[in-house]
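These come from TrEMBL:
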- HIS145: active site, proton acceptor (ACT_SITE)
- 43-47, 53-55, 125-128, 217-218, 241-243, CYS261: NAD(+) binding site (BINDING)
- 325-335: compositional bias 'Low complexity' (COMPBIAS)
- 355-371: compositional bias 'Low complexity' (COMPBIAS)
- 15-275: domain 'Deacetylase sirtuin-type' (DOMAIN)
Amino acid sequence: MGQEVSAVPETTKPENLSERSLPAVADYIKSGKARKVVVLTGAGISTAAGIPDFRSPETGLYANLAALELEEPEDVFSLPFFKENPKPFYVLAKDLYPGKFHPTISHVFISLLATKGLLYQLFTQNIDCLERAAGVPADLIVEAHGSFASQRCIDCKTPYPDDKMREHVSRAEVPHCEKCNGLVKPDIVFFHENLPSLFFDRRHMAEEADLILVLGTSLTVHPFAGLPDLAPFEVPRVLFNMERVGSLGSQPDDVLVLGDCDTGVRQLASALGWREELEAEWRKLVGDEEADRQLEGSSKRQVELHDEVSQLVHDVDKVLHVHDVSSSGSSSPSPEAVAEKEPIAATQQEVQQNESASVKESVETTTTTLTEEVKVSGA
């Protein structure tokens, strides 16, 4: 189950689990000891749905945006840059907006936890609203980095109608406030903005958890990254991720399940005796065609994501040149904001920026290496 990278000696016995494995976690849940399950999710839970993440070296948005004339690729999601030129964000938003994508089986597993009365709180870094689409009750969700679920004027804070927002996003057009004509932005947390107050109001729930499940996050941006460490030392923590992150794997009751989230979740569901129910609920929700697409495998998804991200970056590049926005004219982020950012490449290598490279050159270089990368990258 990936325990070979655990920092805990094999001779150290767990305090609440019979052993550091998914069957032991399942036994712990079935025994009734897990009544307050806190789940933490990141972009890795949504990649099977076809949503590009932000920080993967090959298919991540930041890695590809690095080829554009931006002081930093994250500037598209920077509030100062947005105020100066919101068009690039809305070009990206057109392809990231909810409604185009369907929940993964991992999303439905979280919903199943809620149905069974076990989900205490879900904290997500994702802005895609797929947890809501999977049926997780809104009152059990903390969207730590905001979401596309609502929007408002950045000046007078007046909410903007959902239907009109959807129309503007579908055309990649910038909406303006009907009251003051200010810029409208989804309630997504940009750089230079604070996290929602709800995150801080409910952060204590991680301290009260009797089981922590972490799915598909690099755990590098605080304060979200500190949530797993708020739980008492003896509380089991389970990581479903491509690699070990944060402090997971350093405590006696930590279980590491390294690989794509959906595979690990299916293993836990099988151990719980929920597999058939989970699969049926998922297929009922997304339909057989979408379910089969998600099951086709990581290689095809990587190619699809690569093509999609390349097109997105190409579209943003055209907007930047039309508006003559270059790195010399963009607002520089504060030192504090830079310190809070995740690395552009959050896995095994730094993405090297080449300011003189065109988007075409970036795409061609990535394409020549994609086949070999897919073989080792997994889902």
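From the backbone N, Cα and C atoms, a Cβ is placed for every residue, glycine too.
The Cβ of ASN126 has fewer other Cβ atoms within 10 Å than any other of the binding-site residues SER46, ASN126. When the binding-site residues ALA43, MET242 are scored by other C-beta atoms within 10 Å, ALA43 scores highest. Proximity of THR217 (NAD(+) binding site) to non-local residues of its own chain (separation of 6 or more, Cβ distance below 8 Å) is seen for LEU40, THR41, GLY42, ALA43, GLY44, GLN125, PHE224, ASN241, VAL245, given in sequence order. Within the same chain, the residues at least 6 positions away from the residue listed as 'active site, proton acceptor' whose Cβ sits under 8 Å from its Cβ are THR124, GLN125, ASN126, ILE127, ILE188, VAL189, LEU195, PHE224, listed in sequence order. Taken together, the residues of the domain 'Deacetylase sirtuin-type' (15-275) have an average pLDDT of 89.
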